[in-house]
């Protein structure tokens, strides 16, 4: 059975203007789309932090680059993400999806150079037993820095490459990768295809924005689709909404 890794951006499932506020309509629509997918495919879901994780991360000065050894602060960020994860799990369970949590803080770590180590034995066994693992952006122990943030995008790349995903979907509030005129680029097979629109470099992309995302997705062995909420049903149906990123 084929494997799909699907990321739900934090801005899709939360109200990013209000701390720790779920976007009930957005989450319901996302869960409605995931349910039929889980009936016919093996699925791993990843969700972003939205107004849960980002609020606490900013308060405690923790980012993907800046770490902390303050256990109380690290727990505050992680606990907020668990609350959002519970909301996502509940929405999926209400639709008959056998969803289980996988918390990155307990599952992985970063090396001193920032490379992510994410053992996948537990996730793979969940899939084999018919469960839908649900991961999330989180704090993660980082050699030499205490704990830093691991983004949902980083998790998607590790999961897709480590588990051999057949398709990857990233649903956010933008309809795809946009060109300089604001139009969706249908397909990217090399970074040069989008370099002008993305500024040609991700050197200033400290939060892991679109340029960094495109570079990472080009390295995958599976096609990755970047789309907005309106494209989620099409992706689930096997179509190619938004931008497809396919490294050659």
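Each residue's number is its place along the chain shown, starting with 1.
The backbone N, Cα and C atoms fix where each Cβ goes, glycine too.
Pulled from Swiss-Prot:
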- 7, 8, 9, 10, 11, 50, 209, 213: ATP binding site (BINDING)
- 16: site 'Transition state stabilizer' (SITE)
- 49, 54, 152: substrate binding site (BINDING)
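This view paints the features noted in Swiss-Prot onto the structure.
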{"residue": "7", "record": "ATP binding site", "Cβ within 10 Å": "28"}
{"residue": "8", "record": "ATP binding site", "Cβ within 10 Å": "29"}
{"residue": "9", "record": "ATP binding site", "Cβ within 10 Å": "26"}
{"residue": "11", "record": "ATP binding site", "Cβ within 10 Å": "20"}
{"residue": "16", "record": "site 'Transition state stabilizer'", "Cβ within 10 Å": "19"}
{"residue": "49", "record": "substrate binding site", "Cβ within 10 Å": "26"}
{"residue": "50", "record": "ATP binding site", "Cβ within 10 Å": "30"}
{"residue": "54", "record": "substrate binding site", "Cβ within 10 Å": "23"}
{"residue": "209", "record": "ATP binding site", "Cβ within 10 Å": "14"}
{"residue": "213", "record": "ATP binding site", "Cβ within 10 Å": "24"}
Candidates 49, 54, 152, namely the binding-site residues, that fall within 10 Å of residue 11 (ATP binding site) by Cα distance = 49
Between the binding-site residues 8, 50, 152, 209, 213, which lies closest to residue 16 (site 'Transition state stabilizer'), Cα to Cα?
-> 50
Among the binding-site residues listed as 49, 54, 152, the Cα nearest the Cα of residue 7 (ATP binding site) belongs to 152
On the Cα atoms of 49, 54, 152, which are listed as binding substrate, what is the maximum pairwise distance in Å?
-> 12
Compute the centroid of the Cβ atoms of 49, 54, 152, then list the same-chain residues not in that set whose Cβ lies within 8 Å of it, in sequence order, for the substrate site.
-> 10, 48, 50, 52, 53, 57, 81, 136, 137, 149, 151
When the Cα-Cα distance from residue 213 (ATP binding site) is computed for each of the binding-site residues 49, 54, 152, which gives the smallest value?
-> 152
If you skip the near sequence neighbours and keep only those at least six away, which residues in the chain come within under 8 angstroms of residue 10 (ATP binding site), Cβ to Cβ?
-> 16, 47, 48, 49, 50, 51, 52, 53, 54, 137, 152
